[in-house]
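K.L.:
Straight out of TrEMBL:
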type	residues	note
REPEAT	128-162	repeat 'PPR'
REPEAT	198-228	repeat 'PPR'
REPEAT	229-263	repeat 'PPR'
REPEAT	330-364	repeat 'PPR'
REPEAT	400-430	repeat 'PPR'
REPEAT	431-465	repeat 'PPR'
REPEAT	501-531	repeat 'PPR'
REPEAT	532-566	repeat 'PPR'
Amino acid sequence: MCARILSHHRRQFPSIDCLPIYRSIGEVHVTTGSAPVCHSAALSSFYSSWSGGDLLAPTASAAAGQKERLWRKFFADPSQWWDGRLQKVNAKYPDFKHKKTHEVLWLDDRQKPLWVEAEMDAMALRLDRCLWNRSLARNVKAGRYEKAMEIFQQMQEQGMSPDKFTFLPVLNACASLRALEQGRHAHEQIVKSCCESNVFVGTSLVDMYAKCGSLEDAWRVFNKMPSRNVVSWNVMILGHVKCGQGHKALELFKQMQHEGVQPSCVTFTGVLNACASVVALEEGRHAHEQIILCGYDSNEFVQNSLIDMYAKCGSMEDAWRVFCKIPSPHVVSWNAMISGYVRCGQGQNALELFRKMQQEGVQPDGITYVGVLNACASVVALEEGRQAHEKIIQSGCELDVFVGNSLIDMYVKCGSMEDAWRVFNKMPSHDVVSWSAMLSGLVKHGQGQYALELFQQMQQEGVQPGPVTFVAVLNACASVLALEEGRHVHEQLIQHGCDSNIFVQSSLVNMYAKCGSMEDAWRVFYQMPSRNVVSWTAMLHGYAMHGLGNEALAHFEQMCQQGVKINDVTFVCLLSACSHAGLADEGLHYFDSMGSVYCISATLENYACIVDLLGRAGRLLEAEDFVNTMPFEPNVDVWKTLLGACKIHGHVQMGERIAKRVVDLDPADAASYVLLSNIYAAAGKWDLSVNVKQHRKESSMKKQPDRMWIGLD
């Protein structure tokens, strides 16, 4: 009955908004029918009121409030509308129908109240913005960051004002693209939109600035945030770790705890990474204790971060203890342990762990193979490296550029340049690391000229060289004494902005010194804003090569005054300088001070320098006694050094003894026979000299001829 009456009123008086009148005289129960239903008493009262002609005056103001409450309670959320449309489709049906409650709301399209028009316009705007925001979020989630920024720009061009849900994916895109300027532009709009105080927007701003490397801007936003949650602190801690400020990250963690913010597993992951970056073992152990108290010690990400932290801090015992407590270690945990052993110089342990990993049925991934190949390279295990290569081919990881680069590096360090070339040529694409590894390998194996040719090919293919590339190329120039090529490379590295890299600068000093231009070496050395032990040692090596013994000693004393941490390589150059300059007593003095003053253990190479120093000074018996009392087993090069001294000073008897030692260690070494033959010839023992030459010819031994590069045009 109610439905028929209301329908009648709609037909007779289409301009009258019936629902407010109808709702003002009794509580309306809206149902799933086509029209509201009311109590019969209310209906009678309504009909008599309408019959008397007093229809609109007593009911309009009261009805408006009730209608607004109905709207806000059931229909303000467009996602719950039956068909999600803003415009009415059929006059016979209600304007809005709720999906869940099936309640309906009737409005007269020809005379809608102004507040309904406003609500509808605002809702249309919110729906449009919601569609834009969803499109932004979808593209960011799929990694299409450039597309997301294009959508954001189109949204603004069409006059759509962004809200906090717009800015979250936009800031994420800026962070992923490292687009600092676009991020700053978005920040300006956030301030205009009054969204900066929102904790999620503020946190996203901090994250964007940190990932773009602008910690100053990140701090500025962080300090202005009215409230900060654990995520806000996490992005600040991780941002400082990523920017190489581990100590500051640890300070932030302490401040976070002081303010009463409870850390999460993500917090501890960042803190452990900070400890690893600054080798803060004690702080890492303290963080481990807190992790156990907070109950995060069973979290997989935290466990892997603990292993990585202990490994990078040099405590593989603690790393192994954490690893053994994991019930079923994931491949990431195995990778962390293998990489840790390699980093700590325990390549054999890494290979043993890899075998155990396979026995337990854990499938290796590309990162596993990179760690295993690095282990093979560190212990020069060529056969194990080849076996790993076979497994890599079977797993389909050979095409991965990182695995390919590790294969090249392993073969180079294990002395198999043929295999390295084979891998390099099979790679579908090469990055700068691939080229640099091949260049370094060629230089290491005495093929400097081929390295320079490969560098030209790299440039022809449009690959931009990096600092490691230039270090290899400069070493190639030094190995073949290519001064002009070295100067050309110097110009190129300035153009590429690598001239401020301390390792490139040290290689420049070394290249100029070896190529005979000490003036250029001096110029580069003194223009360096900061110098490390490599830079100082490179200059010291230059003095040694040019026989400038006194200058080398003065340079060494200056190193000590500057507080440079001296190593055994520094002493090799210093002792070599003393040897070439005839400063035997000074050399012996510095050799004795290695352990007593500088706390450096002498290596076999340091002992070889003393043998050369005594031999050049003619103190042959003393040199022989020194060799026989060495804490190392003398190799063939040590004996050949002493044999060369016997030739210089014509000591036949000792030459015979030493030559026998050399032949016992390396029967195929032709150079020792040549030296002994020359010793006999210098002493006038021509028959013995001829016998040695004849024995060498019968043995089909050939001395490797010396070579010399000559640059033309």
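Count begins at 1; order follows the chain as displayed.
Just so you know, glycine gets a Cβ as well, placed from its N, Cα and C.
A TrEMBL annotation is a machine prediction, not a hand-curated record.
Provide an account of the burial state, proximal residues and distances for the features listed.
P.N.:
Same-chain residues lying 6 or more positions outside the repeat 'PPR' (128-162) and placing a CB less than 8 Å from one of its CB atoms are 168-170, 172-174, 176-177, 179, 182, 186, 189, 193.
In the predicted model, residues of the repeat 'PPR' (198-228) average a pLDDT of 94.
Outside the repeat 'PPR' (229-263) by six or more residues, the chain places 199, 202-203, 206-207, 209-211, 213, 215, 218, 222, 270-271, 273-278, 280, 283, 290, 294 with a CB less than 8 A from a CB of the stretch.
When Cβ-Cβ distances below 8 Å are used as the criterion, the repeat 'PPR' (330-364) is approached by residues 300, 303-304, 307-308, 310-312, 314, 316, 319-320, 323, 371-372, 374-379, 381, 384, 391, 395 of the same chain, each at least six residues removed from its ends.
Remote same-chain partners of the repeat 'PPR' (431-465), defined as residues 6 or more beyond its termini with a Cβ less than 8 Å from a stretch Cβ, comprise 401, 404-405, 408-409, 411-412, 415, 417, 420-421, 424, 471-473, 475-480, 482, 485, 492-493, 496, 498, 709.
Counting only same-chain residues 6+ beyond the ends of the repeat 'PPR' (501-531), those with a CB under 8 A from a CB of the stretch are 467, 470-471, 474-475, 477-479, 481-483, 486-487, 490, 493, 538-539, 541-542, 545-546, 562, 564.
Counting only same-chain residues 6+ beyond the ends of the repeat 'PPR' (532-566), those with a CB under 8 A from a CB of the stretch are 502-503, 505-507, 509-510, 512-514, 516, 518, 521-522, 525, 573-574, 576-578, 580-583, 586, 590, 598, 600.
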K.L.:
Tally of helix, strand and coil residues over the repeat 'PPR' (198-228) according to DSSP?
P.N.:
23 helix, 0 strand, 8 coil
